[in-house]
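*Asks:* Here it is, the structure in full.
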Amino acid sequence: METQEPKDSSPPTEQRILSEELISEGKWVKFEKTTYMDPTGKTRTWETVKLTTRKGKSADAVSVIPVLQRTLHHECIVLVKQFRPPMGGYCLEFPAGLIEDGESPEAAALRELEEETGYKGDIAECSPAVCMDPGLSNCTTHVVTVTINGDDAGNVRPKPKPGDGEFVEVISLPKNDLLTRLDALGAEDRLTVDARVYAYALALKHANAKPFEVPFLKF
């Protein structure tokens with residue numbers, strides 16, 4: 001990124017944005033050159049990608065963690081596999097999508113879950129807005145955990161309702177063996193596991209692992 005030495009050697013109290021210049025804009029995203037001040041007083045530039053759809057919403061999107069619960073079955077995490085042109089291959093992801101105008105994060109999560117998987121669920125919890133790839137864009141999402149009653153008649157044979165141009169395969173994996181299953185699937189050619197899914201699986205593994213023992217100090 002470009003830098004410019006400050007005229008005043010006194011460092012600013014905090015880093016801040018000085019200007020944002022639009023370089024290119026499409027239907028869904030725009031590309032900007034962001035000029036900002038660093039802690040030493042230098043002016044720097046950053047190449048930034050932004051969505052065009054936020055318009056005052058609490059976040060751009062929702063990412064859904066769907067927990068499928070059925071009698072006499074292990075809990076499963078419902079994922080979606082779809083082709084992602086920027087990756088040039090398939091990705092295994094949580095159901096997700098943009099929040100529509102006037103829509104709450106919870107409503108968006110339930111809508112996206114039903115559209116992409118066919119399942120209907122209940123909200124367990126909703127996170128505050130969290131960033132997705134802050135080194136590249138300002139995109140934010142709510143992470144929404146949804147429980148699915150797999151014994152409900154409407155969830156026995158769910159039928160996805162994909163939008164135009166959406167081609168999604170639903171994959172349910174056991175929660176207690178999620179990381180192992182992801183590693184096996186990730187070894188397939190042209191399939192990449194989304195970082196949010198993998199981080200969730202790692203967290204499950206660490207949470208269920210033997211607690212770390214405090215080492216004895218040697219004097």
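Including glycine, each Cβ sits where the backbone N, Cα and C put it.
Remember, it's a predicted structure, so these values are computed and weren't measured experimentally.
Summarising the annotation, Swiss-Prot assigns N-acetylmethionine to Met1 and lists similarity to another entry as the type of evidence. Per Swiss-Prot, phosphoserine is recorded for Ser10. Residues annotated as substrate binding site in Swiss-Prot, with similarity to another entry given as evidence: Trp28, Trp46, Glu47, Arg84, Leu98, Asp133. What Swiss-Prot records for Lys42 is SUMO2 cross-link. What Swiss-Prot lists as phosphothreonine is Thr45. Annotation comment: Swiss-Prot describes 57-197 as domain 'Nudix hydrolase'. According to Swiss-Prot, the Mg(2+) 1 binding site annotation covers Ala96, Glu116. Residues or ranges marked as motif 'Nudix box' in Swiss-Prot: 97-118. Per Swiss-Prot, Mg(2+) 2 binding site is recorded for Glu112. Per Swiss-Prot, Mg(2+) 3 binding site is recorded for Glu112, Glu116, Glu166. What Swiss-Prot lists as N6-acetyllysine is Lys210, Lys218, and the listing cites similarity to another entry.
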*Asks:* Identify, in sequence order, the residues in the chain of Ala96 (Mg(2+) 1 binding site) that are 6 or more apart from it along the sequence and have a CB within less than 8 Å of its CB; answer 'none' if there are none.
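*Replies:* Within the chain, Ala96 (Mg(2+) 1 binding site) has Cβ neighbours under 8 Å at Ala61, Val62, Ser63, Val64, Glu112, Thr141.
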*Asks:* For the residue listed as 'SUMO2 cross-link', name the DSSP secondary structure in the helix/strand/coil scheme.
*Replies:* coil
*Asks:* Return the residues near Glu116 (Mg(2+) 1 binding site), defined as same-chain residues 6+ apart in sequence whose C-beta is under 8 angstroms from its C-beta, sorted by sequence, else 'none'.
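*Replies:* Long-range Cβ contacts: Val80, Pro95, Gly97, Pro160, Pro162, Glu166, Val168, Val170.
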*Asks:* So among Lys42, Thr45, Lys210, all listed as recorded positions, which is physically nearest to Asp133 (substrate binding site)? Use the C-alpha atoms.
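*Replies:* Nearest in space to Asp133 (substrate binding site), counting only the recorded positions, is Thr45.
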*Asks:* Quick check: which same-chain residues outside Glu112, Glu116, Glu166 lie with their CB within 8 A of the centre of the Mg(2+) 3 site CB atoms?
*Replies:* Val80, Pro95, Ala96, Gly97, Leu113, Glu115, Thr117, Pro160, Pro162, Gly163, Val168
*Asks:* Reported as an integer number of Å, what is the Cα distance between Glu47 (substrate binding site) and Lys210 (N6-acetyllysine)?
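*Replies:* So the alpha carbons of Glu47 (substrate binding site) and Lys210 (N6-acetyllysine) sit roughly 43 Å from each other.
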*Asks:* Taking every residue in the motif 'Nudix box' (97-118), what is their average pLDDT?
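*Replies:* Mean pLDDT for the motif 'Nudix box' (97-118): 96.
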*Asks:* Should Arg84 (substrate binding site) be counted as helix, strand, or coil on the basis of DSSP?
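*Replies:* Reduced to three states, the DSSP call for Arg84 (substrate binding site) is strand.
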*Asks:* Given the binding-site residues Asp133, Glu166, which one is most crowded in terms of C-beta atoms within 10 angstroms?
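*Replies:* Counting Cβ neighbours within 10 Å, the top one is Glu166.
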*Asks:* Looking only at DSSP and grouping its letters into three states, which state does Ala96 (Mg(2+) 1 binding site) belong to?
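*Replies:* DSSP assigns Ala96 (Mg(2+) 1 binding site) to strand.
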*Asks:* Return the single residue from the binding-site residues list (Trp28, Trp46) that has the minimum number of other CB atoms within 10 Å.
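*Replies:* Among the binding-site residues Trp28, Trp46, the sparsest Cβ neighbourhood within 10 Å belongs to Trp28.
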*Asks:* What number of additional C-beta atoms lies within 10 angstroms of the C-beta atom of Arg84 (substrate binding site)?
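*Replies:* That number is 12.
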*Asks:* At the level of the C-alpha atoms, what whole-angstrom distance separates Lys210 (N6-acetyllysine) and Arg84 (substrate binding site)?
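*Replies:* So the alpha carbons of Lys210 (N6-acetyllysine) and Arg84 (substrate binding site) sit roughly 37 Å from each other.
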